[in-house]
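Enquirer: My questions will all concern the structure given below.
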Amino acid sequence: MAEAWFETVAIAQQRAKRRLPKSVYSSLIAASEKGITVADNVAAFSELGFAPHVIGATDKRDLSTTVMGQEVSLPVIISPTGVQAVDPGGEVAVARAAAARGTVMGLSSFASKPIEEVIAANPKTFFQVYWQGGRDALAERVERARQAGAVGLVVTTDWTFSHGRDWGSPKIPEEMNLKTILRLSPEAITRPRWLWKFAKTLRPPDLRVPNQGRRGEPGPPFFAAYGEWMATPPPTWEDIGWLRELWGGPFMLKGVMRVDDAKRAVDAGVSAISVSNHGGNNLDGTPASIRALPAVSAAVGDQVEVLLDGGIRRGSDVVKAVALGARAVMIGRAYLWGLAANGQAGVENVLDILRGGIDSALMGLGHASVHDLSPADILVPTGFIRDLGVPSRRDV
């Protein structure tokens, strides 16, 4: 199995591209419109440098931290992503990998596996919801998550409908039936490893979302749930406060890019915020999340935990984010490429890559712990930071 191991996230992406049908792979790299934001999410990290210490490195480094009360062995958690049809194990395989590496699993309400199965694989699971279907529907969804044992709730606000992608939108079928299988077979048959994995289970990729129905039921098709989300009016801050109170436990608001929104989130009583542009799948032209992080972190201080997602490909990226104010980062595409490349072991491989990179960067900076990191460790070029939602001088 030596050939199954990969050295970098970039290699995992290459293997995912080789092993997945084109339409499945395209769903992993898809982003809004021109893809300006998704490209900037990655490129922005390369603009940041380090200020290393040549003397004083310790022989052992502590990467552990906590996220919304959950102890994690490294400052990386799994971001919730929908319908993980890249591997038959899907979200359960990812949850097991996260548990094996000592971190939190984020489970999407658009996931293909029931929350009960995922929490059985990893008790440290945060359940994610969109503002979809109104208060009554959300109350049912949240109560099921509570009964299943979810230890945190994530509310995603940074996803809007993209009206055009220059490379084309992913061709996701409405449901997986015989007609669909026959239509996709010419594409799938060119990827025998992927096809054989599903053939062994005697089940095609599941495009239903079981966590949007009652326990034990298959749930609605993906696009039925997606349509309900599109038809639901966006939430108000009062809605966010209501949902936080309803949940009554650790509560993260995902998608905060502006200082004024971050302050409103604090007022709403959230436990954590994630600086995020939904991996470039929101409003194209939004700055990279790492550019917005320093201003948001400075604005809220220690009133709430601040996380970041978007563009994480290396352990050094994680270190840059933590130094600039993040408690931890959330990864999405990186672990999905690992899942496609080698199932659960591939996700563990990705987490190991990030762990090794974090450790190496800490050593180079002369720090014994991720908690020792600060902005002084990072070279930030002039004009890099985007302080969105801050009144300009002429407005003051």
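In case you wondered, yes, glycine gets a Cβ from its N, Cα and C as well.
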Enquirer: Looking at Swiss-Prot, Ser108, Gln128, Thr156, Asp309, Gly310, Gly311, Ile312, Arg313, Gly332, Arg333 are annotated for FMN. Which of Lys17, Lys22, Lys34, Lys254 sits in that same site?
Expert: Lys254
Enquirer: Applying a 10 Å Cβ distance cut-off over all chains shown, what neighbour count does Ser108 (FMN binding site) have?
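Expert: That number is 22.
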Enquirer: Using a 10 Å radius around its CB, how many other CB atoms surround Gly311 (FMN binding site)?
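Expert: 29, counting other Cβ atoms within 10 Å of Gly311 (FMN binding site).
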Enquirer: Using the alpha carbons only, what distance in Å do you get between Thr156 (FMN binding site) and His278 (active site, proton acceptor) once rounded?
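Expert: For Thr156 (FMN binding site) versus His278 (active site, proton acceptor), the Cα atoms are 9 Å apart.
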Enquirer: State the count of C-beta atoms found within 10 angstroms of the C-beta of Arg333 (FMN binding site), not counting that atom itself.
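Expert: Neighbour count, Cβ to Cβ under the 10 Å cut-off: 25.
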